[in-house]
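Visitor: Shown below is the structure under consideration.
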Amino acid sequence: MTEQQPVAVLGGGSFGTAVANLLAENGVPVRQWMRDPAQAEAMRVNRENPRYLKGIRLHDGVEPVNDLLATLQASELIFVALPSSALRSVLAPHAELLRGKGLVSLTKGIEAQSFKLMSQILEEIAPEARIGVLSGPNLAREIAEHALTATVVASEHEDLCQQVQAVLHGRTFRVYASADRFGVELGGALKNVYAIIAGMAVALGMGENTKSMLITRALAEMTRFAVSQGANPMTFLGLAGVGDLIVTCSSPKSRNYQVGYALGQGQSLEEAVNRLGEVAEGVNTLKVLKTKAQQVQVYMPLVAGLHAILFEGRTLNQVIEHLMRAEPKTDVDFISISGFN
């Protein structure tokens with residue numbers, strides 16, 4: 001990658017904009033592509049993304065654009081921050097242009113029809129590209145406001161990890177590397193579901209003990225499912241697992257937490273999502289995750305409980321009561337209980 005070659009960021013949302021700013025602050029020329037030409041022009045003129053990151057100045061090194069073809073042709077390193085529902089339709093027509101390029105997914109979601117993660121879709125579209133993911137406890141606004149933050153870039157291609165570290169690592173943003181792409185990405189996608197439960201618990205005035213129980217049992221569920229799919233359980237003790245889960249389940253800045261909080265205040269799911277005005281991937285993930293967990297026979301009572309709340313008319317109190325009445329099991333999976341016999 002030559003010094004002046006631009007890095008592409010696909011997506012005009014909050015996280016894509018925050019990452020574009022980080023790149024530009026490190027002296028990297030950035031082309032941020034978005035589907036809406038009016039949004040691109042407004043950001044170019046006003047140097048702000050008022051819908052998704054109001055009050056954050058867009059760095060002069062970020063060029064908002066609407067020409068996807070030109071953006072892909074000009075860049076060898078491409079960060080993909082598109083909604084899970086749109087990623088395939090946006091990039092599949094341009095598959096030939098992606099050959100040999102570095103594609104890094106920023107999207108924490110799962111494709112509904114196939115239960116594929118975003119990097120798996122990228123791999124299908126561009127099998128000869130180098131694929132990676134970026135995930136961790138990364139609230140977009142805090143990144144944009146230069147709060148001290150760490151993240152994980154994961155790929156089977158060590159050179160891609162090093163390339164991402166070189167362009168993103170900075171004074172307030174630390175980038176760690178991992179070879180467990182599947183585990184890192186799955187952690188980022190699964191925790192969105194549990195953030196909805198956490199937001200509901202806070203809105204309903206539940207105690208700190210209850211919230212702590214929900215978060216730790218969520219981690220156990222996430223890990224149990226991920227290991228059944230081939231992920232490394234140790235990945236879930238890092239930034240992309242427990243780190244991301246804690247911040248998403250604890251912060252009112254989290255979109256999925258906000259949806260849960262609105263539900264806890266008595267709003268319908270439709271009202272909560274409409275009020276948010278952005279994609280809350282957890283709602284989409286919940287539907288496909290419940291089905292997949294049943295197919296592979298992985299015990300996920302919180303997922304089943306949240307599905308019952310959102311789509312079957314149950315309340316959070318009923319779900320927690322059911323959880324408390326369930327048969328007690330071991331605290332931490334993957335630790336032998338032979339000593340109990």
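In case you wondered, yes, glycine gets a Cβ from its N, Cα and C as well.
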Visitor: GLY136, LYS191, ASP244, SER254, ARG255, ASN256 show up in Swiss-Prot as binding sn-glycerol 3-phosphate; which entry in LYS108, LYS287, LYS290 does that record put in the same site?
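Guide: Of LYS108, LYS287, LYS290, LYS108 joins GLY136, LYS191, ASP244, SER254, ARG255, ASN256 in the sn-glycerol 3-phosphate site that Swiss-Prot records.
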Visitor: Can you tell me how spread out the sn-glycerol 3-phosphate site is, meaning the largest CA to CA distance among LYS108, GLY136, LYS191, ASP244, SER254, ARG255, ASN256, in Å?
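Guide: So the maximum pairwise Cα distance among the sn-glycerol 3-phosphate binders is 15 Å.
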Visitor: Among the binding-site residues ASP244, GLU281, which residue has the fewest other Cβ atoms within 10 Å of its own Cβ?
Guide: GLU281
Visitor: LYS108, LYS191, ARG255: which of these binding-site residues has the sparsest Cβ neighbourhood within 10 Å?
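Guide: Each of the binding-site residues LYS108, LYS191, ARG255 was scored; lowest Cβ tally within 10 Å is ARG255.
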Visitor: Cβ neighbours within 10 Å, counted over all protein chains: which one of the binding-site residues SER14, SER254, ASN256 has the most?
Guide: ASN256
